[in-house]
Structure formats: structure tokens, C-alpha cells
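Participant: I have a structure I would like to understand better, so I am pasting it below and will then ask my questions one at a time.
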Amino acid sequence: MSELTSLTIAEAREKLVSKDITAVELTDAYLGAIEAANGAINAYVTVTPEIARDMAKASDARLATGKAGALEGIPLGVKDLFATRDVHTQACSNILDGFKPKYESTVTQNLWNEGAVMLGKLNMDEFAMGSSNENSFYGPVVNPWRATGSEEKLVPGGSSGGSAAAVAARLCAGATASDTGGSIRQPAAFTGTVGIKPTYGRCSRWGIVAYASSLDQAGPIARDVRDAAILLKSMASIDEKDTTSVDLLAPNYEAAIGQSVKGMKIGIPREYRVDGMPEEIEALWQKGMAWLKEAGAEIVDISLPHTKYALPAYYIVASAEASSNLARYDGVRYGLRVDGKDIADMYEKSRAAGFGKEVQRRILMGTYVLSAGYYDAYYLRAQKVRTLIKRDFEQVFAAGVDAILTPITPSSAFAIGDKDLAADPVKMYLNDIFSVTLNMAGLPGLSVPAGLDAKGLPLGLQLIGKPFEEETLFKTAHVIEQAAGKFTPAQWW
């Protein structure tokens, strides 16, 4: 880790504007870090040094004339789910082999418009389906964190594992990510980084490979709360190309950092105390409550009674939407094509060879719950549960609660290739137990590092807010961050 790659976005921005450093110097420092570490961590599936240096030179020219954007010269990594013009975009799937789009996603275009520099594309679970980043066609991402005294390789979480690992290992200043059921917040918790899933509709989904369209939402993973606020402001926009984009301008989220939480009501849902929850997670939760209380917030018990139905309902809805969205990949116009004796055979062979096991599992499950005989019993019922979950949150917020504090993961990072989890996919799905409810309700949620477990691995806490009140999450998370401190992995790579 060099001195330059240790700078937060806020610190680097200051040094770039004051001309203490140049964008080219900063970019070269990150490219050097990637070259040294990516063989061990596997966070990047494509590195774009020529593009990065060209963008950095353009940033230096704008900085010299005083026309700098909000992210001028800041090197970022991009999750492989976001379309990047003429650059590898495969959602880490073999089915999209060789695909290079001729267009740019709205979110990444917003970042480039603000002067950010693209370092490359980041590894992820195939089509964003997974909680460990072991489902990538390009192999698993390795968490930069290790348990004290151990050399065992750990998962970084998923699906945005490459984004979280790259930020934690200082291989980018920040990263784009996406969250369908926890894919920003869970990897952030596993890697000691900050991740926010904004309100559904806050960031455009145009140009992002779809998994479950009514749940997917883009957001940033960053080193601290301030950096996450800076990134989200630039990522968010109103977009006519996305019918789910909300006609609301994003405020200056950074202005919320340092604001008082005095008088705020923080809800503690009793349903999040699940059977078998480790004592360390409960203790961390209690610590978070104490920090907020010390800062002047009021802690109140609340009930979200339909929480226990969220996980099965989520996997029904998400798989159903995935089976529909992924029907378009057939090997005809782009991506992998395996020849067959006729067109139907070609479809079957291309999809069988192109999709990994977890993606196939979810397509099959989604097709099943949408089939004529089971639609009412599963899909329709899951959508009704979704409405009830949303209503639970609405009632709590209507009663005066400003934000909700919960755990974000049931454990710290686990080993790559864990046999118990590999043998039972449902156990892996349980990693999303604390995160899926707010995707079902479309609410904003933020994961902030809050401590280390007995093995020296990071643990996070989750804050859930009212629709389009991300500022509340940023100011509340900053209080936790100030109390807990920041966490950096010891370099072994």
C-alpha cells in the first residue's frame, strides 16, 4: 500500500485541487497496486491502464484550468454488471463471452462526467447471484482480511465481492456495486468497508445487466462514510431511459456528515433477534445502540412482524424475475454460442454451457414458480408478503422512527469452499437474512464497520431509512464510524 493509495476520496480530492499530487500519479499508484495484488485477490477481471491514464491526463488538464468535476482524477473500479463502452462487460458469466457494449451505463457515465477515472472491471458473482463471490466464471475473489494467525482464504461476500475487496485492499479509491438482496451491504460488512444501497429509483438501472428488475439498485462501496456520500451524489440522477428512475434530484449527501443525531428515534426490531445468532453479533448491536444513545438519539423497540417471511418471498420474486430477464441470452446475437443440430439445440447447448450452476438453479426455480400450476401458490403469495413487509416499515416510520439499526450479517467472513454451504444452497441463502427486507420494501440501507470479532475479522451494522432519506443514514453512520474507528486489513498479498 503506497501513501497515495491510502488516501480517501475526500483527501485525494483536496490534494488534487491543491496540486500536491496529479491525477496521473494517483492513477499510476493504483495501477501498480493492482498489478502487485490482483493475482492473489482476483478482484479485477479486466484492467484498463490505457483508458485510465488517458482519463487521468484529461483530469489533470481540467484541474489546471480550475474546471474540475466533483470526482476529478479519482480512480474507481466498476462492477462487471455495469455496461462500459467498448470494454469487457460480462456480468462474470461465460454466456456473455467477449461482449463489449457500444453504450455506457447511466451510472458510470455520471461518474465519468464528474471526472472519475476508470481502472477496470471488478469480479462478482455471476449475474449478481450469490453471497460469497464464488459463483464467478473468473474464479472466487479472496477477502483481503484473514483471521488472526490463519492463512485460510476467506470470501469477501457477494455479489459485489470484487468491489468490496478492491476497496479494502486499496486497489481503487471507491467502486460501483449493485444490491438486489444485500449485494452491497454484506460484502462491505465482510471487508470492513462502507456500502449503501440507496432507495429504489435513486440511481438509474439503465445499462446495468438485470437480475431482478424490481429489486436491483446501484450504489457505492467506499472506505468511509464520507467517501460513500461523495460517490452516491455523483452516481444518482434522474434518467428518462429508466422508467423506475425517480424524479428527485439527489441532495449534497456530504453535507450530512457531522450533523447531530440528537433527538432522533432509532428503532430496534425484535424480529431481527434470530435463533442461533452469535453472541458477538448481539454484543455489537448493543454497542451500536449505546453509541447512538450517547450521541443523543432515543432507542425504541419496534416490531416488523413479517420479517420472518422475507427470505423465502425474496428468493421467489428474485428468481422469477431472473428467469424472465435471463431468457434473452440465447447465443444468437452476442456472447457464447455452442453449435447444435438445429436452433433449439443451439439454444439449449449455449445456455447449458454459458450459465453456471447457481444461475441455472435460480432460473429453474423462477420458471417453476411462474408456471401455470404454481403461480398463485408461490409468486402471487410472495408479492402479497412483499406488500405486508413494506407496510410494516411504513407503520414504524409513521410512528416517528427516523432510522432502524440492525445487524447486517449473521457472521463474519467464512472460508472459500466451505463444504457445509456448498452442500446446502439454502444455508448460503441465509446470509441474506438481515438484508433482503429493505430490498423488498425499496428502502435505503447502509452497512458501516462497527468492530472486529474474536478472530480479528470485521463486522458491520446496518441502518435502514425512510424512502429517499439517505442523508439520515449518512449522518447516523458517521456517529457509529467515529465511535468504532476504521479498520484496515494487514497486508499479506
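Using N, Cα and C of the backbone, Cβ positions are placed for all residues, glycine too.
Reproduced below are the annotations present in Swiss-Prot:
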- K79: active site, charge relay system (ACT_SITE)
- S159: active site, charge relay system (ACT_SITE)
- S183: active site, acyl-ester intermediate (ACT_SITE)
Participant: Could you list the residues of the same chain, at least six apart in sequence, whose Cβ is under 8 A from the Cβ of S159 (active site, charge relay system)?
Facilitator: M124, D125, A128, M129, G130, S131, N133, N135, S178, T180, S183, P187
Participant: Which secondary structure state does DSSP assign to the residue listed as 'active site, acyl-ester intermediate', in the simple three-class scheme?
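Facilitator: Where the residue listed as 'active site, acyl-ester intermediate' sits, the three-state DSSP reduction gives coil.
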Participant: Who sits close to K79 (active site, charge relay system): which same-chain residues at least 6 apart have their Cβ under 8 Å from its Cβ?
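Facilitator: Non-local contacts for K79 (active site, charge relay system): K121, L122, M124, S160, G162, S163, A175, T176, A177, S178.
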